[in-house]
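The structure under discussion appears below in the form of structure tokens.
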């Protein structure tokens, strides 16, 4: 990097690298001020999720389902049984109507649940989380066909639990989503390369702990000012703090809470919350809230969002998210306590906070976990732990800050509040707030209260700086004295400050983190320059000035210089510096690539730099809170403004100073909270000119230096000896007087404020305390006022140089005059005048000022543009004599109104405007009456013309006279052309006229006729030959013609024809011969709406929709269309004319007549995709409805059950008469058994423009000419006839067919083959291929060439009238139009969906080997298994089949000789099996499913009494599976784990295959292990072959299999009982046997003893 020294290689002066660094356009004059906050307004969002399949799920023999949840909404897929790789292909839609912040913080969670049913909730296999904001920031707002990696939140050491493949898209109102057509699926099977992660996030994400330490809070709003407090005091006898705060943190879908600190305004927690989440996290924001714990009403006190991207850096020298310890400031509703807080949602973080709420001391650290270490808890529950106290100085030294402000002007005060005394209050944090005046922070700080009772503190006395010690008992003055406003005009008041300007000053104590704010200011400074420059470049492009690329080079040069100069700072923040330098280097590299052609792309890239810089400048740790300015009327808070503290922060270095520090700034106050939405928020509450300065108290010596000179300070009288207190007001002795000239020329595209769809606009201009209005022009949206307003004696206070560079803002408001009631607000714009000081010369380049367009805003919506110029002229010592004279034009018929002077008004020339009147369409009723005799009036710049009257609109809505013209004076500069107004009136009886609708064509540029040069015909070289390579011809033999149909062509075109993915050569050839262009959008967008000569102008009527109620969009105001065109050109004498020129038609030669014409319309509907679910089950039963004129077709019988991606494959023929029936509506309805059918969505097509377009959209031109087969030529005219007609219409020379397959048109030569085959295979000579080749390259023909519409399929979005702007799905279709006066077309193409073909798969399981042994034999003690094999193709329910059991296999060998038979229906093209089944027992009809063809074989161990044990499985994809091994030895687990390197086969090609395949299962460590091998034979037959040679299942007839030769050991213990007993007694139960024998002997002895004892006793006793 150069730091000066040698010349920079970039600066070598060549014209191609010239860089301009000064602003070219006067963009500075257009401050962009949005009046209405846009953040909290709810918007419509739609999140669509398609769950396609899951793979590698961890677990044995599971029944998985996927749950998709967003916020509180949950939706489930169906359950798939006994598989680890289920295929779902289910589509879910979630609709939301919430503010963007809320939407983007919602978490999308995909989880896989195993065996959930009605009774049990199922077990979680794994889940994946990301926030909606991440999806929305993706290109196209979507992830397409990506794999989400599942992990188990309760067991973080476990690793990956599987993958779910899905599409996720987020659409806001008005977004369009492009669905990418993916090529081959093998790319997507590369899971690792297609993970669902944003760019730049590593595939291997690790678990991490996020430690959020919460130390303490202060400045909580007082709540004991309420009645409740007094009640409590009466009972308890003490005044306790009435708030029980705790902190709640939400991150990545988890919630953590700190403990509650009872009754405490300055709570100290010293706790940390530990979140466990993957790193980098896919949830960007952490939401930290202080809440007040209360049994009844638990409310938020304040909310802060921590954006993790702001506090981390992912570069090579980056760092993990780290923050603090730092104070974060929370903003929300006002600090006054009320029981019902109307701004409560501001405290929840919705919308911009209107007051400081509290500050919280936190720090955040992240630690990446090492899953192998033993002491890690595996769950991700949020934990709460204590942390030691933090030292006072950890967050920086506490410094005394001083804020000074002076109100120079307060104007435009809304008249509703104008009759009460008004004062302003300025607060910074909790300082300066009247309510908090008495309470002092308990920490060692000094608090400037509003009442002046102070405490001395150690802090100030012991400070060593050279402080102004004598202002210790300085009171803060935070409010201006109340004052009654004075009337400015009907709508606004102003405060009569005049010479005496009130001031405020506040002392406050904050931790000194200025360094961070300084860095942010430096970057902001660079970013402002860049933004300014880019606006300038765009303005240059817009106004078509020369060399935008030079200016862009200059902008980039300044950017790289600016980023480089960061060297000068002792950068505390190395990271910032490094990132900025990086941007600087990129900018420098880009500078050299800027060429004229690439300016637009490079501007986009430069905008990326801008967002990066703005992002870097957003400093998360600024300890000084923002400054709030409140306007208080009669004690009530009315409107506020929020000024970021860094913008007014002072530094001794200029680059570091905030951009508004020590400057006079215009601030518009707004209504707080939700009330500010909609019309209420559009009126300016007040506009103030304020001077602000914020800095350390000890730097305060020059805090007044930026104020305009000539004032005296007025201080509070405090007795002698206190010299240094700041002034409470300033008195100005000296002022500057100006004259403001406002040149209001015209406006265009204004808002329609009256019910007629027009307005009566006038403009009101405000400057300082004066206002003036223009005249009112009736019934127009494009007024040309042409008026000069002169404001005399404008008094401005300000530094002369600053006034010159940055004068105060002019506000222009546009109103609609109503006969009764007050005028309606139509929009507002802001401007800055060009200033001429008394000592400057009035002349170029700055004077006279240029007319420029200013964007008019109504709320946040643009509502037109205004063409005006503003100049501010200082009145010098000689008075007005020095001012340039006002030289108006001579005509004084306008009375006192001054027109815009000559130097400024545009130069006019005479233009002729020719208008083509074609017809009117779709006119709606006006005041309940049908439109019967309409007429069109065209008006431009005061002149106009009327069309012929349409005598009977119903019979024929076209005009009889096609072309008329008028002449008008228009500005030379095309950018200044006034709009052209089209109005349609209905002529009723008795000479009454009713306005039907109107349209203003804002830009006439596309209608300007520019004569073409005659020479360009041959410019491209004479006789340029187009060679068709002979080698490109495909040998027809390698295509199996019988297999191909229209669908092969279709699938080849959308590149999903996987049927031939292994025969790549054939695939290519199919695409070559039979390509069928599939447009991913409407055909209109590809061919410029087919408005090549016939344009459609929508007619509007009725009031424009308010921003508030966004549903009254322009669509609802459309009352019809006018079809026609214009052509304008300068009137000159030498207009050259062709010989065949028809003077009646003017410039519109060779256009067809507009008499009614009968047309056969043939509509082909192929399929619909991603329909919006219409039924409760999340599906729909769609069918097609078609409406054209009076014809309506509802294809209700053929509805498709429970499908969101239905395949229709139907064609419909409708007869229509243009111009009466010209709009075709294709709708998709949802069939319902009871009740009416619901509309899912519809699309409208203007057929007339297609029919008359020179792109020839009547019938697409196929890429090849064939006379039979599915690729047959559909058009009744052959290519040679079409070509001949085109040449005749275009007056071209040709076509001349020559020998050897050549054709010549207008000196171009094309080549093509000349033979064609008929049905019988005979070859014939033909010129059709030649003609077709010319048609395919028609755009290369000079003068008349244009692209002809090819054979195509268009994809049109389906829209629903109730949900404007949000797609409800898409429909793929095309339309052919055949005029009835020509030969009839052939029969319609057959595009019926392919019927699946019947197949039968026969699987013979011969033997198994090495199956794991599960059971211990109870008799023989050996390990053994009772083996059987289970298999299925479609799903376990439908067709699972089991072999018999091979009992007691000791070696793992099993012999079966058992046959499974699976009949199935198969679609070759899509490689899917089709099954139809009822979804549930209550379902009305069967639903069709398409599933991949996968054969599942499993090996089980049979148990008599308990459930069978699953041992292992293998899944074979019938299209590509590993070839079986020849012997059991060669069969290894590699065949499953290392599929990529195995030779693959397809059963559809091999037909019969035999071999050994491995069975696998997952062990405890989640790794595959071999659990057995199976010898099987697969045999595939078509349905007919299977019928001819039937076989039995199992070993049954016909063609029985022989019994397996099983060793008889399986029942051994019956045959050799002694051996079994010996085994039992001697081996297994040896000790048990001994114990039992001993016990038996003891028992016998005891029994004998008891038996003989009594007799023995008697004998003994009797002495016998």
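For all residues, glycine too, the Cβ spot is worked out from N, Cα and C.
Where the annotation comes from TrEMBL, it is an automatic prediction and has not been curated.
Between the stretches 974-993, 994-1013, 1014-1033, 1034-1053, TrEMBL puts its region 'Disordered' entry on 1014-1033. Annotated by TrEMBL as region 'Disordered', the relevant range among 1545-1564, 1565-1584, 1585-1604, 1605-1624 is 1585-1604.
Checked against TrEMBL, the range among 1505-1525, 1631-1651 recorded as transmembrane segment is 1631-1651. As stated in TrEMBL, the feature region 'Disordered' covers range 441-481 out of the listed 400-440, 441-481, 482-522. Sequence-distant neighbours of the transmembrane segment (1631-1651) (same chain, 6+ residues past either end, Cβ-Cβ under 8 Å): 1625. Tertiary proximity for the region 'Disordered' (1585-1604) is limited to same-chain residues at least six positions away from its ends with a CB under 8 Å from its CB atoms, namely 1398-1400, 1402, 1404, 1407, 1441, 1443-1444, 1446, 1455-1461, 1463. The DSSP breakdown of the domain 'C2' (722-847) into helical (H, G, I), extended (E, B) and coil residues amounts to 6 helix, 59 strand, 61 coil. Counting C-beta pairs under 8 angstroms (sequence separation of 6 or more), the domain 'C2' (722-847) fails to reach the domain 'C2' (1142-1260), with fewer than 3 such pairs.
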